[in-house]
Amino acid sequence: MVESSVGGVVPAVKGEVMRRMGDKEEGGSVTLRDEEVGTVTEWELDRELLCPICMQIIKDAFLTACGHSFCYMCIVTHLHNKSDCPCCSHYLTTSQLYPNFLLDKLLKKTSARQISKTASPVEQFRHSLEQGSEVSIKELDALLLMLSEKKRKLEQEEAERNMQILLDFLQMLRKQKVDELNEVQHDLQYIKEDLNSVERHRIDLYRARDRYSMKLRMLADDPIGKKPWSSSTDRNFGGLFSTSRNAPGGLPTGNLTFKKVDSKAQISSPGPQRKDTSISELNSQHMSQSGLAVVRKKRVNAQFNDLQECYLQKRRQLANKSRVKEEKDADVVQREGYSEGLADFQSVLSTFTRYSRLRVIAELRHGDLFHSANIVSSIEFDRDDELFATAGVSRRIKVFDFSSVVNEPADAHCPVVEMSTRSKLSCLSWNKYTKNHIASSDYDGIVTVWDVTTRQSVMEYEEHEKRAWSVDFSRTEPSMLVSGSDDCKVKVWCTKQEASVLNIDMKANICCVKYNPGSSVHIAVGSADHHIHYYDLRNTSQPVHIFSGHRKAVSYVKFLSNNELASASTDSTLRLWDVKDNLPVRTLRGHTNEKNFVGLSVNNEFLSCGSETNEVFVYHKAISKPVTWHRFGSPDIDEADEDAGSYFISAVCWKSDSPTMLAANSQGTIKVLVLAA
């Protein structure tokens with residue numbers, strides 16, 4: 001043990017000494033250098049100065065009757081428990097302990113020697129003074145003068161360093177503020193340009209409105225010239241009304257009502273009465289439009305910060321593109337007078353402020369007498385938005401005619417097709433090419449393709465080893481579909497083959513899969529590892545990109561367009577991603593989702609999702625807060641029912657790009673909702 005300990009501390013010294021000792025054994029004489037002798041002796045001496053009990057330098061050395069030295073506290077503590085010497089086991093009591101003054105003196109010298117080797121000059125000087133070294137007054141004055149000069153120098157250097165740090169900070173701050181000022185100046189320039197453009201456009205619209213109002217009064221005052229002039233007026237008004245109807249998500253109700261009332265007045269009333277009626281209708285319409293403008297202005301004020309961020313973001317992003325466009329074709333910008341960023345933001349603003357609530361236009365119950373479990377896991381429109389299918393834990397796929405559900409009484413809502421399955425269903429996906437084909441995934445891991453017309457399965461795939469959560473048909477290659485499962489596998493299937501054509505092994509459970517609508521080789525995969533994996537099926541060795549940001553499992557992924565991806569997670573957020581540039585775009589918050597699948601659906605402008613508060617939430621893709629929401633309620637729910645608070649929205653689906661949507665909850669209630677002003 002001693003040799004190994006020595007070898008670990010000073011291997012070079014030990015090796016050199018042993019080599020020379022070996023030379024001596026061969027008959028040669030060995031002479032150690034003075035420093036080597038000093039080192040070995042010092043090591044042996046230091047070892048002798050260690051207390052055998054605590055293995056530290058002895059403090060308050062005491063000698064036993066048997067000749068061993070220990071720290072006083074160490075040996076006294078030992079003798080309280082045992083009456084023997086720790087080194088030789090000789091019988092020993094506290095009365096046989098004696099102070100070892102010689103060893104104490106030696107220890108003090110050793111300590112001083114150690115300090116002189118390891119301590120700084122200041123510590124050595126302080127130690128010398130403490131030991132009583134003689135120093136004259138003249139020497140002390142010289143030392144004090146030198147120390148004061150040294151102090152002033154150190155203070156000067158410290159002040160320079162602090163000043164340099166302050167200078168660096170101020171320069172960084174100035175640069176930051178200059179950048180911010182430049183950005184604000186650019187923003188102000190954008191706002192000034194847009195104000196001028198909007199003001200010119202508004203004046204043109206007011207002039208056009210005045211012309212139409214004047215022509216309408218002329219028509220009312222001149223019944224003789226009614227016939228030839230009214231055709232041209234109809235053309236003018238027709239263009240105005242068609243523009244209103246063709247606006248994205250426009251509500252033509254007010255215009256159409258005006259036309260109907262006006263036509264009735266023309267047919268059934270004499271000339272003077274028709275004049276008063278048409279003018280009063282015009283005034284009434286103007287008043288209603290003014291009231292609507294006030295309401296929309298309030299919505300703008302309520303979401304001003306988000307709208308401001310949206311405006312500036314779009315203007316900044318498109319600024320460089322606009323400059324390039326101006327250089328290539330300056331006439332286009334001058335002629336139109338409207339920047340691309342402003343036009344884009346105007347579309348967002350008009351769409352966002354158009355709606356303020358969700359209105360129920362139909363409701364039906366998904367449950368039946370034979371199944372108490374009514375959770376609707378999936379609800380999807382078919383290719384032409386004529387039919388919609390529902391599926392859930394009742395082990396049934398039910399297909400309804402949408403127009404019948406909306407137009408017929410609630411007690412007459414019956415599915416046009418109903419198909420039974422062996423297991424609970426998790427997801428549905430209509431084929432966008434073959435209208436009567438729909439795919440399902442279930443809790444047994446089976447992926448099935450059904451023919452709705454014959455009510456029979458076309459293909460059944462049973463390769464998944466655990467529950468399959470998601471299935472999706474490709475839009476561009478209708479024979480291909482993809483599924484994801486709790487077995488951590490993504491499988492790609494072809495309806496012309498009985499086995500999977502591609503398999504992707506992942507490290508966590510798969511919660512959702514979705515084809516890119518513009519590609520048959522790109523899919524998005526939402527996983528329990530909190531990430532979205534974007535794959536190119538031509539090379540599945542690694543994803544094209546992994547989108548990170550969610551803090552819990554990703555429950556849904558949906559494409560708004562070829563480049564825009566939306567995801568939902570049980571961290572109570574929706575997130576938007578750019579799959580072209582692989583960038584996060586926006587985080588949407590407002591609903592509650594911590595454990596259940598609550599549904600996600602998207603169209604070109606809006607996203608809808610459920611909440612564990614039994615509410616449906618609607619978001620605009622450019623705004624991080626909800627546009628509106630609707631709470632499910634039913635007269636069948638007793639307010640005192642303990643389960644009433646546990647109901648949640650379980651599935652949602654938009655009707656293409658219209659303001660109409662379907663929503664279902666865990667109680668089996670399905671509602672047809674429409675966005676309204």
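Even glycines carry a Cβ here, placed using N, Cα and C.
Record features (TrEMBL):
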DOMAIN    51-89  domain 'RING-type'
REGION    263-283  region 'Disordered'
REPEAT    418-460  repeat 'WD'
REPEAT    461-493  repeat 'WD'
REPEAT    547-587  repeat 'WD'
Going by DSSP, how much of the repeat 'WD' (418-460) is helix, how much is strand and how much is coil, in residues?
0 helix, 25 strand, 18 coil
So what's the mean pLDDT when you look at the repeat 'WD' (461-493)?
95
For a three-state summary based on DSSP, what are the helix, strand and coil counts in the domain 'RING-type' (51-89)?
10 helix, 9 strand, 20 coil
